[in-house]
Amino acid sequence: VLNLLWGLCVVLQADPIRVLVTGAAGQIAYSLLYSIAKGDVFGKDQPIILVLLDIPPMLPVLDGVVMELQDCALPLLREVIPTDKVEVGFKDLDAAILVGSMPRKEGMERKDLLKANVAIFKTQGAALEKYAKKTVRVLVVGNPANTNCLIASKSAPSIPKENFSCLTRLDHNRARSQVAMRCGVPADAVKNVIIWGNHSSTQYPDVHHAMVNVHGKEVEAYSAVKDDSWLKGDFISTVQLRGAAVIKARKLSSAMSAAKAICDHMRDWWFGTLDGEFMSMGVYAGGNSYGIPEDLIYSFPVHIKNKSWNIHDGLPVNDFSRAKMDATAAELVEERDTALSFLSQ
């Protein structure tokens with residue numbers, strides 16, 4: 001009987017999924033990999049094969065990361081594959097989390113940064129096209145995330161555009177937390193904040209449609225905060241510039257909160273959003289109802305069900321919001337056009 005039960009357990013256990021993390025020797029990945037491997041993202045009964053990709057000089061560091069993952073003795077982690085080769089890294093993927101990118105160096109113009117990253121994400125998009133499953137879900141974290149995501153998508157034409165997204169969940173979480181602290185409530189008492197546009201200092205954190213649970217009653221965020229000038233001023237700039245503030249204080253980027261946001265984003269993409277709630281994701285803007293140019297990756301409020309996202313349509317947009325949404329769209333159009341000029345070279 002015991003042998004029969006054991007056989008049944010083996011049969012019922014899900015097949016492992018292959019999850020790629022690029023820039024895997026970096027500090028964001030170091031905060032991220034344990035959560036993925038222990039089941040916080042793809043489910044507590046989902047075995048994982050972790051594929052860790054980085055550049056050749058980082059392979060000795062990657063060996064240390066592999067040792068640590070092995071030493072965690074995690075029951076869901078079936079295999080860890082460190083590599084610097086795209087044909088290994090992108091093979092048969094179910095999910096790809098593209099963290100690695102060229103960081104901005106001192107004296108580097110934004111155009112130079114874009115040119116370097118276009119080359120990286122063109123290569124990675126082509127590798128997704130050639131080696132990954134067509135059902136792969138791709139999250140781009142490396143900056144400039146929106147435009148890098150667009151380039152990767154364009155370089156993988158047989159993978160649906162809807163399978164690509166970029167990370168604005170960190171900004172979403174920052175906005176949610178700022179409102180919660182202002183109202184003296186836990187972060188999960190705040191829902192339906194929105195990050196519109198680019199993951200940059202032009203992004204627009206919008207709480208016109210957010211609700212706050214105060215003493216068991218849902219109240220509109222503007223009524224709960226009771227400080228319109230803060231919500232239209234310091235709140236927005238705090239969220240927009242939070243990454244720079246963390247770097248100034250830590251002398252390192254926001255790895256812990258970025259890793260948490262990646263987990264939140266991928267878990268919602270895998271399992272769906274709660275009824276009545278939407279989250280912020282950078283997604284392909286085609287067919288949106290908000291007048292945003294279509295050939296962009298732009299952050300919208302989205303619902304997710306059955307691993308498919310839909311933009312939450314029909315929210316009223318006032319003049320204040322319209323100007324902010326259009327300004328961040330204009331920056332993305334300029335980024336896209338510059339990137340596409342490099343892509344065609």
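Cβ coordinates are placed from backbone N, Cα and C, and glycine is handled just like the others.
Listed features, source TrEMBL:
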- 18-164: domain 'Lactate/malate dehydrogenase N-terminal' (DOMAIN)
- D54, N117, V141, G142, N143: NAD(+) binding site (BINDING)
- R104, R110, N143, R174: substrate binding site (BINDING)
- 168-342: domain 'Lactate/malate dehydrogenase C-terminal' (DOMAIN)
- H199: active site, proton acceptor (ACT_SITE)
>> Using only C-alpha positions, which one of R104, R110, H199 is spatially nearest V141 (NAD(+) binding site)? These are the recorded positions in the record.
In response: H199
> Within 10 angstroms of the C-beta of D54 (NAD(+) binding site), what count of other C-beta atoms is obtained when all protein chains are considered?
Replying inline: 23
>> Can you give me the Cα-Cα distance between R104 (substrate binding site) and N117 (NAD(+) binding site) in Å, rounded to a whole number?
In response: 10
>> I'd like the Cβ neighbour count for R110 (substrate binding site), meaning other Cβ atoms within 10 Å of its Cβ, all protein chains included.
In response: 13
> Which of the recorded positions R110, R174, H199 has its Cα nearest to the Cα of N143 (NAD(+) binding site)?
Replying inline: H199
>> Can you give me the same-chain residues 6 or more apart in sequence from G142 (NAD(+) binding site) with a CB-CB distance under 8 Å?
In response: T22, G23, L98, V99, G100, S101, M102, N117, I120, F121, N148
> If you draw a 10 Å sphere on the Cβ of H199 (active site, proton acceptor), how many other Cβ atoms land inside?
Replying inline: 29
> Mind checking how the domain 'Lactate/malate dehydrogenase N-terminal' (18-164) divides into helix, strand and coil residues in DSSP?
Replying inline: 66 helix, 27 strand, 54 coil
>> Between the Cα atoms of H199 (active site, proton acceptor) and R110 (substrate binding site), what distance do you get, rounded to the nearest Å?
In response: 14
> Of all the binding-site residues given, N117, N143, which has the fewest Cβ neighbours within 10 Å once its own Cβ is left out?
Replying inline: N143
